[in-house]
Amino acid sequence: MRQYSLCNAPDETDRYILGVKREPDSRGGSSAVHAEDREGQTLQISPPRNHFALHGDASRAVLFAAGIDITPLLAMAQALFHGGRDFSLHYFTRSPGHVAFSERLQPLESVAGALHVYTGARVEDTARAVAGALHGLDPSSHVYACGPAPIMSMVQTCIGARLPVSHFHVEHFAAPASETAGDALFEVVAARSGVRCVVPPGESIAGALRRHGVEVEVSCEQGVCGTCITRVLAGQPDHRDVYLSEAEKASGEQMTPCCSRSLSPVLELDI
C-alpha cells in the first residue's frame, strides 16, 4: 500500500485529486500507477487521513514546498485562498518546466504576496528566500513545510526560537537513509500474539514478525506515515522514523516497527 497527498480545492468534493511523480528509483508505487492505471479504471483505496492539518487559530500561514512535494501544500494553499486567510506559499523547483500544477497555482497570483515560485535557485539563494519569507513573522503564525531535508533544515533554522515548536509542521515523503552497517540482531516479543523471534540485520521488525505469522499493519514502510505505531512494553527502541516527535521518541513508549530497531537485546511490543 502506498500513500499519496490529496490536492483538492475545498469546493472539489466529487473526486479525489492527487499527483504521482514517476520516480526512476520507485519501489513500485509510482511506476505501477504510471504503467498500469488507466482512465475509467476502478481503484481500491482507504479513507483519507489528515496527519498534516491546517490550524485555524493561526494569524498567518507560511507554506514551503519543493518539487512534487507541493501536493499537500497545494491543498492547504487552496483552502487558505478560498477562506480569505492570510498566507504565502513558497515553492522551489529545478526549472520552470518542473513546476507542478501550474494551472492550480495561477489563481493564487490574484492575492498580492501569496505565491512565490523559485526556479533553479542556488543553495544560498534558497536560504535567502526562506529567511525573507520568515522575516518579521508574528509569533501566532504557523509554518508548514514539505520537501527535501536541506530545505526543511533551512526553514527550521530560520524559525529558531521565534515560534513555539507546535507552530512548525512538517510532512515527509521519505525518511532519511539511516546507517545500517552496525546493526545487530535482537529478539522481538509480540506479547499479545505469543510470538518471540529474532530480527536479523537488514530485516524490519514487521518483516520478521510476518515470517512468523504475525501481521503488522504497515503502509509506507519508511517511518513516515504512522500507520504501524505500536506500544512498547519493554526494551529500548532504536527510532529511525520521522513520524514521532523527539519527545515521543525520548519517552520510549511507542515505536514504528516498519523501520525502527532495538538498542536492547530484547524488545517487547504490544502486538
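Every residue gets a Cβ built from N, Cα and C, even glycine.
Looking just at the domain '2Fe-2S ferredoxin-type' (186-271), the mean pLDDT is 93. Taken from TrEMBL, the feature domain '2Fe-2S ferredoxin-type' applies to 186-271.
Marked as region 'Disordered' by TrEMBL: 21-42.
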What are the helix, strand and coil residue counts for the domain '2Fe-2S ferredoxin-type' (186-271) according to DSSP?
13 helix, 25 strand, 48 coil
